[in-house]
């Protein structure tokens, strides 16, 4: 019926898996443009690094790191296309959207590490400033500026476009926004370009190129080589200030935190859900950002026992689905418990009312004339004896006793008080001492209802 494989197939290596996924992405024509820009970017980075070595300019090196960041952004765009092609799996039940969040976080963190490296090299150059050659400094600046702007404006990078709009503004954007308001007050036609805020990547490319142009002019005019180090520090600080808000935003997404701008809307929706018919309580709610622009959440809803689960589930999902695209709702009914009649188990012989009857106990005054069964004598002036259990009043409440009414066997049973020796000889309540049929009555030689009787005598 089938081929039996004695040995399992060897699992694909990590390189093989990456190659398979790359072929899957390369099969889409939309990714060909990104691959083309990636190849041009590698060539451009190679030329810029050679020009940085020939000019001995650390400011051009800091600006070249922005081109390397463009390569990371192209890789992130490819990952975004790959995420759209993949479907959720049993291992990744929410899909693969968090991979592009991780790619954005890694790219911004690497850019900040490059900025810190530039700051460290610049601090060393302040101690011993080398000579800067300006032969290819201006050429490398314009090549890097043209390629960076052309890449940013030609390719729609969905992850970075969302992060740049959702993250908080950098200090560079805030200063440029203040300057733009002043300019737009004079020339209102520029408000569509500079306001409300510029693209941070385009802004840092223009600001870096402007710093390099100032460096070139100052070195050509006055041979002021220290300005190259100052420009490198300025570009590094602008890079760090631009990438830091994006790293914070993507890091919060990876930590599954609730976005601050939707907390008010979520509270309003939860209050509406708690007022639905049949809903008693909404608890254990947790909402987080699954990917860029995709909010996920889970909530427990306690309902009445007579409520319709499917109806409540439909209403809750309809209310929350307007904001939460991936929602998990757990419905459970109220778990109240009915009170029990008795919490102590009742013996089987107590339930048989035909074998028992209730008799009142004699008064305490009548008991004083009788010899007590216990060894402690009762005195008129002393408090009640211990076997009375401190019963209030003159009379003792009725108790349930075994049925000791006279059986029709003609046995003469003494009902008076008897010494301990005679009681033990009769086998009263002592197992293993000749009490063959005294389980129900407590006396020996008295057959019970289910015991053996004398042949010829009728049963009661």
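Glycine too: its Cβ is placed from the backbone N, Cα and C atoms.
TrEMBL does not curate its annotations; it predicts them automatically.
Looking at 5-24, 165-184, 225-244, the range tied to transmembrane segment in TrEMBL is 225-244. It is 137-155, from the ranges 118-136, 137-155, that TrEMBL records as transmembrane segment. At the 8 Å Cβ threshold, with sequence separation of at least 6, the transmembrane segment (201-219) lacks contact with the transmembrane segment (96-117), having fewer than 3 such pairs.
Proximity of distant same-chain residues to the transmembrane segment (32-51), defined by a Cβ-Cβ separation under 8 Å and at least 6 residues beyond the stretch ends, is recorded for 26, 60, 64, 67-68, 70-71, 74-75, 77-78, 81, 136-137, 139-140, 143-144, 147, 151, 154-155.
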